[in-house]
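Lifted from TrEMBL, the feature list:
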DOMAIN    19-135  domain 'Response regulatory'
MOD_RES   D68  4-aspartylphosphate
DOMAIN    147-200  domain 'PAS'
DOMAIN    305-450  domain 'GGDEF'
Amino acid sequence: MDPAGSTGVGSPTGRRDAAILIVDDAPDNLAALREQMVEQGYQTYVAGTGERALQLARRVHPDLILLDIVMPGMDGFETCRHLKSHPVTQRIPVIFMSARTGSEDVVAGFDLGAVDYIGKPLRMAEVCARVRTQLQMHANSATQQEQAERLRTIVDHMAEGLLIIEAGGRIQFTNPACDNYLGYGPDELAGRHIGDLLAPVVAQEYLAYFARYAAQPDTAHSHGTREVTIRHKAGKPVCMDLTLTPMFLRQPLFIGLLHDITHHKLSEDALQRAALVDSLTQIANRRHFDNFLEKEWQRAVRSGAPLSLVVLDVDHFKLYNDTLGHAAGDVCLQQVAQALGAHALRMTDLAARYGGEEFVLLFAETDADAAALLAEAIRAHVETLQLPHPKSPTSPWITVSIGVATMVPRQQCIGPGTGQGGPDALFVAADRAMYAAKDGGRNQVRAAQPGCDAMAAVRAVAHGAGIAADGRA
Ligand SMILES: Nc1nc2c(ncn2[C@@H]2O[C@H](COP(=O)(O)OP(=O)(O)OP(=O)(O)O)[C@@H](O)[C@H]2O)c(=O)[nH]1
């Protein structure tokens with residue numbers, strides 16, 4: 001026996017890993033029990049007192065303790081109490097051995113956490129059978145516990161949100177990632193209804209799928225992955241990929257896996273936004289403007305409200321570039337765009353760079369008089385920026401020529417190839433008016449009042465200004 005009282009002996013079955021601590025104040029009992037345990041192939045440790053048993057148990061952490069009750073000093077009950085109150089030893093199964101076999105003692109033994117109680121005198125075959133059974137049960141429950149702990153660790157640390165939902169839509173469980181994604185504390189989501197998190201239409205669709213599966217579990221199939229907008233506890237919507245898989249665990253349940261795609265969404269949105277913005281001036285680009293104009297046109301057809309378009313072109317801009325360089329020209333365009341943007345104040349106003357040094361501004365629900373005033377304000381705004389244009393024959397500063405046209409869109413004006421009507425007519429009219437402004441000496445506003453026949457209207461404007469219909473003098 002080594003100083004710890006251990007005897008490691010081989011066994012016919014080759015089972016060497018289970019270690020038994022035998023605690024008894026009677027040396028004969030100790031010897032007999034040890035002999036039996038060794039014969040079974042167990043490693044044994046022996047202690048003659050409760051105190052010694054505690055020391056050994058903490059040091060060697062045996063797989064099972066055979067514990068005598070009546071001992072001088074610390075008795076078996078007291079020893080067991082200490083074992084169960086210490087984290088290192090509390091899970092070691094304890095079997096009491098005692099000549100006291102009255103119910104009171106047996107019950108007290110189990111109440112202290114013992115797994116078995118053997119009466120003395122000991123029948124060794126019975127002791128061996130009980131030890132074997134307890135070791136087996138302990139090994140099984142230790143394995144189960146280990147597996148449960150491993151699963152729990154995975155669920156607690158996985159990046160995806162996990163939720164278990166009952167067929168009726170009640171949330172049964174959520175993991176920390178799910179709570180985090182949605183802004184809830186631990187256990188706050190359990191018991192709530194999935195409908196609290198999803199838009200009513202989406203929730204309804206999921207509930208219908210749950211009901212179908214609950215009615216016929218054998219036909220269940222995964223609902224796949226789909227993008228959903230979930231309500232964060234703070235109220236804001238968050239974008240998630242939700243994968244739902246059915247499973248049957250005493251009742252139909254659904255495992256939901258949530259994957260946060262807010263970041264992808266943000267970059268997707270940023271890309272979409274970028275596709276609508278002019279990279280130099282950061283105001284709307286031509287594509288955005290054309291779509292916007294089309295929509296506002298349709299809206300104006302329904303409302304009968306007038307729609308005004310401003311077309312603006314920087315005067316002698318080639319000369320500006322040639323004099324001050326292309327980089328200075330870029331900065332100048334940015335400043336003009338900024339000035340223009342400052343006049344698009346309503347949700348239905350849009351300022352855009354239409355190409356090169358040409359800009360446009362749409363004013364919905366704005367009649368010709370108001371549009372002319374706005375156009376003049378823009379012209380004056382650019383002039384007062386006093387951006388030096390040293391070689392301009394028009395002014396020492398950057399100036400702009402503006403054409404403005406107003407129409408009350410009508411249904412019959414709309415059609416494919418809308419040269420004779422529709423947004424194109426408005427565009428042609430405003431553009432022509434802008435050329436009229438150029439020809440009229442630049443740094444000025446010219447207005448057209450086109451009906452459906454924009455060309456006729458422009459002709460009328462041009463005639464009045466003493467210029468040809470193509471805008472040339
Ligand atoms: N710096 C800069 N110049 C540009 C840009 N886009 C177009 N331009 C220049 O703008 C100038 C436009 O010149 P034109 O169309 O001849 O007209 P203009 O010189 O402005 O003369 P008017 O319109 O008749 O007053 C060209 O020289 C283009 O190279 C740009 O993004 N940056």
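Positions of Cβ are set from backbone N, Cα and C atoms, glycine also.
When DSSP labels each residue, the domain 'Response regulatory' (19-135) comes out as 55 helix, 24 strand, 38 coil, counted as helix, strand and coil in that order.
Residue density at D68 (4-aspartylphosphate): 26 other Cβ atoms are found within 10 A of its Cβ, drawing on all protein chains shown.
Under DSSP, residues within the domain 'GGDEF' (305-450) fall into helix, strand and coil as 65 helix, 36 strand, 45 coil.
Per-residue pLDDT, averaged over the domain 'Response regulatory' (19-135), rounds to 96. Taking H, G and I as helix, E and B as strand and the rest as coil, DSSP gives the domain 'PAS' (147-200) the counts 22 helix, 13 strand, 19 coil.
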